[in-house]
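Participant: So that we are looking at the same thing, I have put the structure below in structure tokens.
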Amino acid sequence: MKFKLKTTSGTARRGEMTFSRPQGEFTVQTPAFMPVGTYGTVKGMTPEEVRATGAEILLGNTFHLWLRPGQEVMRKHGDLHDFMQWHRPILTDSGGFQVFSLGKLRKITEEGVKFQNPINGERIFLSPEKSMEIQYDLGSDIVMIFDECTPYPATFDYAKKSMEMSLRWAQRSRDRFDELGNKNALFGIVQGGTFEELRKVSAEGLVDIGFDGYAVGGLAVGEPKEEMHRILEFTTPLLPADKPRYLMGVGKPEDLVEGVRRGIDMFDCVMPTRNARNGHLFVTDGIVKIRNAKYRDDTSALDPHCDCYTCRHYTKSYLYHLDKCGEILGARLNTIHNLRYYQRLMEEIRQAIEEDRFDDFVVEFYTRMGKEVPPLQKP
């Protein structure tokens, strides 16, 4: 992977990542949003439909794909690209967050994490080395190191020990990645909870090891929005300007805008797809909750500013009807729209940075939402 920083507008960055794959070179424009394909599919969507929304890179889930279908099945197909028939770039998370989410079902040691398989109950073990091996078999274009996602709230002492172990795991991830001869990209993950001192140690330690990109992890795990913004604003300047920066698991449209304001290049989140299945649809001036009875006979398009398949062909009344009847098509049309909304938002952001009017875009974005612009700590 090659990353090129093309221009900036304040602290907002406009760049591109280039990946060499057997099918040729693929470019991902940044800032980028990655739809989540947990089990090797963006729920309810074909790869062609996902691509039609504007997506250039997807996220796959190492933990879930390891448990099912497993490495052997993946190897028989070639890799995850062949398995799911998406031949563009894929980033896979390391499994660290999913293990963190298991709570009492897991036990963390220096060697790795022992936990109960949520599918069949057997005890299994995941280590930095094993995570690198799974992601190698997945053929991930961007591999994430194995880390512990520090919970919120956490004491300084817990966050410090967790961050220090994640740094040791980062080195072990780097070593095993290199031993495997993996020629793809490996990203480090900054941890340290809500403590700036720990974030600094983590970032500097990761830069010393050396990675192709750097993620900010351990955010959007329950902390107040102001805390997330504070830590993000503190952390991103510590990361190399010539490497992509990734905010993991975030988030709402406002979170993407705030991340870009603070120098982030990459995002992923289940929100557009999960919310679509629950009738919660993102539009230019806010949210449409399509299950609301007022849409029963509303013959207008979902969003007159949107060019997606759903908005070009169907009314709010039809989407309301499909949802009420529990029709699968409703979830699919909602998903197409939400994913296109996110990609249109990123397109608008990229254009605003190119034209050096990102601050104006931020004001416009919040104005059409009827919201105030959140302050930066360092305007």
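Each residue, glycine too, has its Cβ placed from N, Cα and C.
Source: prediction; values computed, not measured.
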Participant: Out of 116-122, 172-178, 249-255, which range is noted as region 'RNA binding' by Swiss-Prot?
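Facilitator: From Swiss-Prot, the annotated region 'RNA binding' range turns out to be 249-255.
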Participant: Can you check which of 43-47, 128-132, 273-277 Swiss-Prot lists as region 'RNA binding'?
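Facilitator: Residues 273-277 are the ones Swiss-Prot records as region 'RNA binding'.
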Participant: Besides C306, C308, C311, which of H280, H337 does Swiss-Prot list for that Zn(2+) site?
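Facilitator: Matched candidate out of H280, H337, per Swiss-Prot for Zn(2+) with C306, C308, C311: H337.
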Participant: Need one residue: from Q29, Q171, Q191, the one Swiss-Prot lists with D93, S94, G95, G96, F97, D147, G218 for substrate.
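Facilitator: When Swiss-Prot describes the substrate site, the candidate it includes is Q191.
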Participant: CB neighbours of G96 (substrate binding site) within 10 A?
Facilitator: 27
Participant: As a quick check of your reading of DSSP, tell me how many residues in the region 'RNA binding' (249-255) are helical, how many are strand and how many are coil.
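Facilitator: In the region 'RNA binding' (249-255), the DSSP-based counts are 3 helix, 0 strand, 4 coil.
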Participant: Taking Cα atoms as reference points, which of the binding-site residues G218, C306, C308, C311, H337 is nearest to D93 (active site, proton acceptor)?
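Facilitator: Going through G218, C306, C308, C311, H337 one by one, the Cα closest to that of D93 (active site, proton acceptor) is G218.
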Participant: Compute the mean position of the Cβ atoms of D93, S94, G95, G96, F97, D147, Q191, G218, which form the recorded substrate site, and then list in sequence order the other residues of that chain whose Cβ is within 8 Å of it.
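Facilitator: My list of surrounding residues reads V99, F100, M144, I145, F146, E148, C149, I189, G217, M248.
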Participant: Max Cα-Cα distance in Å among D93, S94, G95, G96, F97, D147, Q191, G218, the residues listed as binding substrate?
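Facilitator: Per the listed residues, the maximum Cα distance equals 15 Å.
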